[in-house]
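Chemist: Here it is, the structure in full.
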Amino acid sequence: MNGTEGPYFYIPMVNTTGIVRSPYEYPQYYLVNPAAYAALGAYMFFLILLGFPINFLTLYVTLEHKKLRTPLNYILLNLAVADLFMVFGGFTTTMYTSMHGYFVLGRLGCNLEGFFATLGGEIGLWSLVVLAIERWVVVCKPISNFRFGENHAIMGLAFTWIMACACAVPPLVGWSRYIPEGMQCSCGVDYYTRAEGFNNESFVVYMFTCHFCIPLTIIGFCYGRLLCAVKEAAAAQQESETTQRAEREVTRMVILMVVGFLVCWLPYASVAWYIFSNQGSQFGPLFMTIPAFFAKSSSVYNPMIYICMNKQFRHCMITTLCCGKNPFEEEEGASTTASKTEASSVSSSSVSPA
């Protein structure tokens with residue numbers, strides 16, 4: 001084995017010289033240069049500075065403007081709540097521990113950090129799945145006369161929390177466990193060991209199947225069908241310039257959504273699966289650290305993709321920030337009108353993300 005396994009930790013370094021120490025008790029500067037820990041703390045601080053305001057603003061603007069309190073926006077708010085879970089439960093903890101060079105908060109802190117980071121990420125992921133299903137049902141109309149209402153939104157919210165808890169809770173109760181990973185300043189699911197009594201192997205297979213592959217398949221199917229529906233509508237109205245603009249807008253939205261999902265999770269999932277399927281192989285602490293924290297940065301660009309591209313929300317946000325007046329009123333109003341005209345040629349509901 002090319003690492004050192006101890007009680008509730010695994011460090012990717014063989015303890016041949018006796019310098020390896022518990023990540024709960026001693027700085028881990030023998031893994032990487034102390035400057036790397038400072039850089040990690042600075043990056044977490046940067047994510048907090050961006051992630052908290054944009055997600056809090058999303059919640060505040062939606063509550064302030066009644067016209068934004070639509071059933072679909074319940075899901076978008078859920079996405080913002082998930083991102084705030086990651087900011088408060090994950091980023092602040094990691095920033096604090098990286099300043100010390102080890103997981104100074106102990107086992108309890110590791111469990112809490114791992115739980116909240118996993119819960120926030122999973123709520124966000126399953127919220128995207130619900131959004132994809134809603135767009136597919138409303139635009140492609142596989143169910144005739146379906147209208148997405150408040151009850152559907154509430155069921156969608158409950159579904160995201162149930163699925164998120166189904167992934168985040170088991171490591172707290174003995175099915176797998178949370179341990180420090182990478183540079184030992186943040187905690188995640190144990191992909192690294194076959195620790196007796198924790199059934200890590202079965203949990204990792206379950207997590208990858210039910211909480212990565214299935215969501216990715218659903219999102220790909222729904223947005224693929226949505227794109228086909230837009231193309232078919234555009235082909236039936238070749239002379240309509242507004243329809244062509246609608247096709248380009250939705251195509252761009254779909255590409256951003258799918259790419260955003262893959263950029264968030266594919267590197268982390270790929271590295272985690274590699275470590276799991278090649279346990280005992282040699283890898284450095286940065287091998288898991290970089291994709292893990294790049295995935296967490298989704299709390300910043302999630303709201304940009306799924307909410308800030310909504311013209312109505314953007315108008316309300318600018319109005320709130322500018323104390324009740326939108327200096328770009330004419331431009332925003334024209335854009336919103338054009339968007340509604342474009343959308344009507346494809347679906348009576350909408351083809352934009354909200």
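Cβ coordinates are placed from backbone N, Cα and C, and glycine is handled just like the others.
So Swiss-Prot has the following annotated:
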type	residues	note
COMPBIAS	334-354	compositional bias 'Low complexity'
DISULFID	C110-C187	disulfide bond
CARBOHYD	N2	N-linked glycosylation site
CARBOHYD	N15	N-linked glycosylation site
CARBOHYD	N200	N-linked glycosylation site
LIPID	C322	S-palmitoyl cysteine
LIPID	C323	S-palmitoyl cysteine
MOD_RES	K296	N6-(retinylidene)lysine
REGION	333-354	region 'Disordered'
TOPO_DOM	1-36	topological domain 'Extracellular'
TOPO_DOM	62-73	topological domain 'Cytoplasmic'
TOPO_DOM	97-110	topological domain 'Extracellular'
TOPO_DOM	134-152	topological domain 'Cytoplasmic'
TOPO_DOM	174-202	topological domain 'Extracellular'
TOPO_DOM	225-252	topological domain 'Cytoplasmic'
TOPO_DOM	275-286	topological domain 'Extracellular'
TOPO_DOM	309-354	topological domain 'Cytoplasmic'
TRANSMEM	37-61	transmembrane segment
TRANSMEM	74-96	transmembrane segment
TRANSMEM	111-133	transmembrane segment
TRANSMEM	153-173	transmembrane segment
TRANSMEM	203-224	transmembrane segment
TRANSMEM	253-274	transmembrane segment
TRANSMEM	287-308	transmembrane segment
Chemist: Rounded to a whole number, how many Å is the Cα of C187 (disulfide bond) away from the Cα of N15 (N-linked glycosylation site)?
Modeler: 21
Chemist: Top stretch among 111-133, 153-173, 203-224, 287-308 for CB pairs under 8 A with the transmembrane segment (253-274)?
Modeler: 287-308
Chemist: Find the one among the recorded positions N2, C110, N200 whose C-alpha lies closest to that of K296 (N6-(retinylidene)lysine).
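Modeler: Among N2, C110, N200, C110.
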Chemist: Which of these recorded positions is closest to C322 (S-palmitoyl cysteine) if you go by CA atoms: N2, N15, C110, N200?
Modeler: C110
Chemist: Between N200 (N-linked glycosylation site) and C323 (S-palmitoyl cysteine), what C-alpha distance do you get in Å?
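Modeler: A Cα-Cα distance of 53 Å.
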Chemist: How many neighbouring Cβ atoms, not counting its own, are there within 10 Å of the Cβ of C187 (disulfide bond)?
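Modeler: Result for C187 (disulfide bond): 33 neighbouring Cβ atoms inside 10 Å.
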Chemist: Using a cut-off of under 8 Å between C-beta atoms, tell me which stretch among 37-61, 74-96, 111-133, 153-173 contacts the transmembrane segment (287-308) the most.
Modeler: 74-96
Chemist: Rank 74-96, 111-133, 153-173 by Cβ pairs under 8 Å to the transmembrane segment (37-61) and hand me the top one.
Modeler: 74-96
Chemist: Have a look at the recorded positions N15, C110, C323 and say which one has the shortest Cα distance to N2 (N-linked glycosylation site).
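Modeler: The smallest Cα gap between N2 (N-linked glycosylation site) and any of the recorded positions is with N15.
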